[in-house]
Amino acid sequence: MWTLVVNCGSSSLKFALLNPATGETPLTGLAERLGSDLAAVRVDRGEERGTVPLPQGSYSEAFGVLLAELDALGLRQEVRAVGHRVVHGGDRFNAPVRITPEVLEVIRTCIPLAPLHNPANLAGIEAALAAFPELPQVAVFDTAFHQSMPPVAYRYAVPTVWYTCYGVRRYGFHGISHAYVAEEAARLLARDLTDLSLVTAHLGNGCSVTAVQGGRSLDTSMGLTPLEGLVMGTRSGDVDPGLPDYLAREAGLTLAEITAALNRESGLLGLSGLTNDMRELEAAAAGGNTNAQLALEIFVYRLAKTIAGMATVLGRLDALVFTGGIGENSATVRAATLARLGLLGFQLDAAANAQAVRGQGGVITSGGVPALVVNTNEERMIARETARAVKGAPA
């Protein structure tokens, strides 16, 4: 069964045609700058690549290109379902669901929780429904994996009315990635996922750590929004909640300006004053740039502290999993993090760690608790979850 996976951003549309069982992917594409005169879609057909301009710059136009590509490959009639990444499902969804008018309405009610993402997700779903009206379509939520967290993990110590009336609680994100790498780690370790206690670290421009026990999320570092938790590429992570009030009084900044700075001008970029790219930071740090060195030290310090905290949540730790652009490719960050986590029993294999880059995963420890590098594949996880939802739901 071929499954079409769709991931819509505020000005982009990413798609992939996958076999959920094998991971075979004969077609991928990325439409960017939607809504502008420069909109175009890059298409990858394996050995062939091309770019198609989108004069209207719309989601529906991008889907038109997708349909033409499927026809060219002779696979349009072979697509059995469409899976959509949806960033926020609030507390209404703890698993992927077949898309219905009722599901669409719930996604709309979650727009205040994800004002940049959910509207784009809805636009993509509506375009896909128009392009593939005969196919089952499934919403796979980034927040659903974390709905297994207990109240002790997801409630904030704020007035209860904020929770009951406004949904103020911790939701967590990167759930699709955390779920995928947990499954893959169990496979690599030849262990039953239901018997494993894992800490998974998704480290990219956005970063989060999750405690996974028996395949279920017990706690995670992101919260109501993706701003909470670790130091990230341009996001601050945890700061004193009194910071906005202080900056409003002392610097005359508005709430919108402070929020924008915490999301787009902070993290590794803010600390270093150079870049949010870990590769460039590592090079600058190696060249003696003290700001870059400090940014790396703070990133690793906060990461190690959070991993140790998640291990405490689990009660025992069977393995630590690194994934995401930084987690999969920065041997420096992995080594520095494990060096701070000696009390958990990690014994780094320096050679294996150095080799685990550019798509080469595997175990990077020589003894004690295993640490692994697992290449995330959110598209394949969405395809898997879509196939499960279609198989398990009535037509």
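Note: Cβ is positioned from N, Cα and C throughout, glycine not excepted.
These come from Swiss-Prot:
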| type | residues | note |
| --- | --- | --- |
| ACT_SITE | Asp142 | active site, proton donor/acceptor |
| BINDING | Asn7, Glu378 | Mg(2+) binding site |
| BINDING | Lys14, His202, Leu203, Gly204, Asn205, Gly206, Asp277, Met278, Arg279, Gly325, Ile326, Gly327, Glu328, Asn329 | ATP binding site |
| BINDING | Arg85 | substrate binding site |
| SITE | His174 | site 'Transition state stabilizer' |
| SITE | Arg235 | site 'Transition state stabilizer' |
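Overlay of Swiss-Prot annotations on the structure.
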{"residue": "Asn7", "record": "Mg(2+) binding site", "Cβ neighbours (10 Å)": "23"}
{"residue": "Arg85", "record": "substrate binding site", "Cβ neighbours (10 Å)": "23"}
{"residue": "Asp142", "record": "active site, proton donor/acceptor", "Cβ neighbours (10 Å)": "26"}
{"residue": "His174", "record": "site 'Transition state stabilizer'", "Cβ neighbours (10 Å)": "30"}
{"residue": "Asn205", "record": "ATP binding site", "Cβ neighbours (10 Å)": "17"}
{"residue": "Arg235", "record": "site 'Transition state stabilizer'", "Cβ neighbours (10 Å)": "26"}
{"residue": "Asp277", "record": "ATP binding site", "Cβ neighbours (10 Å)": "17"}
{"residue": "Arg279", "record": "ATP binding site", "Cβ neighbours (10 Å)": "13"}
{"residue": "Glu328", "record": "ATP binding site", "Cβ neighbours (10 Å)": "23"}
{"residue": "Glu378", "record": "Mg(2+) binding site", "Cβ neighbours (10 Å)": "22"}
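Here the candidates are the binding-site residues Asn7, Asp277, Ile326, Glu378, and by Cα distance the one nearest His174 (site 'Transition state stabilizer') turns out to be Glu378. Taking only the Cα positions, the spacing between Asn7 (Mg(2+) binding site) and Leu203 (ATP binding site) is 19 angstrom. It is 12 Å from the Cα atom of Lys14 (ATP binding site) to that of Glu378 (Mg(2+) binding site). DSSP assigns Asn7 (Mg(2+) binding site) to a strand.
Listed in sequence order, the recorded positions near Asn205 (ATP binding site) (C-alpha within 10 Å of its C-alpha) are Arg235, out of Arg85, Asp142, Arg235, Glu378. Residues near Leu203 (ATP binding site) in space but far in sequence (CB under 8 A, at least 6 apart, same chain), listed by position: Leu230, Leu303, Phe322, Thr323, Gly324, Gly325, Ile326, Gly327, Ser330, Val333. Here the C-alpha separation of Arg235 (site 'Transition state stabilizer') and Arg85 (substrate binding site) works out to 22 Å. Over all protein chains present, the Cβ of Ile326 (ATP binding site) has 26 other Cβ atoms lying within 10 Å. Note on proximity: among Asp277, Arg279, Glu328, Glu378, the binding-site residues of the record, the Cα nearest Asp142 (active site, proton donor/acceptor) is that of Glu378.
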